[in-house]
Structures are given as structure tokens and as C-alpha cells.
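In Swiss-Prot this protein carries:
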REGION    90-199  region 'VTT domain'
TOPO_DOM  1-13  topological domain 'Periplasmic'
TOPO_DOM  35-64  topological domain 'Cytoplasmic'
TOPO_DOM  86-95  topological domain 'Periplasmic'
TOPO_DOM  117-176  topological domain 'Cytoplasmic'
TOPO_DOM  198-202  topological domain 'Periplasmic'
TOPO_DOM  224-235  topological domain 'Cytoplasmic'
TRANSMEM  14-34  transmembrane segment
TRANSMEM  65-85  transmembrane segment
TRANSMEM  96-116  transmembrane segment
TRANSMEM  177-197  transmembrane segment
TRANSMEM  203-223  transmembrane segment
Amino acid sequence: MMMMQSRKIWYYRITLIILLFAMLLAWALLPGVHEFINRSVAAFAAVDQQGIERFIQSYGALAAVVSFLLMILQAIAAPLPAFLITFANASLFGAFWGGLLSWTSSMAGAALCFFIARVMGREVVEKLTGKTVLDSMDGFFTRYGKHTILVCRLLPFVPFDPISYAAGLTSIRFRSFFIATGLGQLPATIVYSWAGSMLTGGTFWFVTGLFILFALTVVIFMAKKIWLERQKRNA
């Protein structure tokens, strides 16, 4: 059984390496792919929502596909800010469709991070996220146990993608991870999409602040529940 599992991991690992090699070849040899990746990285580096909007919109009928690919790109390169894409989607496609696009694409990105970590192991993940960041994510899993994914998804200041990578290094089942991710990120996606499509200036930050307050309240409640459960087990 263990041998079969190990063999399957190696098959997945080889597949990922082949895909990565194919992407590098496409970036080097295909002008369209080269331009897309370079423009994507430049838009993120500028931390400019309007710049990302213009970039997505420039692809016309393929704008939604480009937005989806951008979310996948930022998931793999964890330091890139996903909220810029969420705001851009809301502005371009409206609160509902933009929010749905952001939610589904971020779910796909989270699943990819989980899969990469599970197949490639800690050494590769540390190179993608940084050892310090990954160690801090380990601390969340130690503190919150099985509730970690849901708790961290509700906290807007906890990095989204490193948690996905860290989860892939644990024994958590993919199904549990995926459900907790979907539920946990839904409130933030709704608020950011609504705020991004309708609000500006001080009102936007007021609504965002309310969401952060709500998220902290939920996390405090869950932390208390987890603490009480541990007290009962230790009694």
C-alpha cells in the first residue's frame, strides 16, 4: 500500500515537472505567452488595481479567462496580492459575476497550491513561500488544529496561499481542505466584490473595516470553542 502511494506521488511529481518545463518553454519560445506573463507580473508589481483592470480588459472576450489565469499565477507566486484581482473583477464584471469568478478561480488556485505541496514536499514549498512564512503557517496549524483552514480563511490579514501550501504538507484530506476554503473565503469575496463594484474612498474602507471586525469576532468565538474542547479533553 505504501509502495503504491509512493509510486503515485512520483508519477504526480514527474507530471508537475513536465508541465513546469512546458510552461518555461512556452514562455521562452512563444511571444504571446512571454508577453502575458511579463505584463501580469508588471501589473502586480505596481500594486495598481486600475492597471490590472486595463490589462484584463485588453483581452476583450477572453477577459474572464485571463482573470482566472491571473488568479492561478498569483496563487503559485504567493507574495502577489489576490485582492487586486477581486477588486478588478468586481469593477469589470459586476459584484455577482465578478465575485463568482474570483471565488472559483481562487478555489482553483488553492487546490493547485495544496496539490503542489502534497506532491513536491516541504523543500519546494519553502522556496515558493519562504521558510519564515511557512513556519508561521505551521504555528496556526499547531494552535487551531482541524479548524485552521476555516479560521485562517476568515482572517483577511493571514496570507491565503501559504496556508494552502502548508495544508498540503499536513495529513488533512483534500475534501476537508476544499470545503473549509470555500466556506471561509466566501464572506471576504462577497464583501470585497460588493465594495469593489459600488464603493470608493472612505466608504470602501469603512465597509472593509466592518468585515475585518466581523471576521475577528468569528475567530475569537471559534478560538474560545477550541480552547473549551481542549480543556474537556484534558480534564
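Here the Cβ of each residue, glycine as well, is placed from N, Cα and C on the backbone.
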Helix, strand and coil residues within the region 'VTT domain' (90-199) as assigned by DSSP: 96 helix, 0 strand, 14 coil
Non-local residues, at least 6 beyond the ends, that sit with Cβ under 8 Å of the transmembrane segment (14-34): 116, 119-120
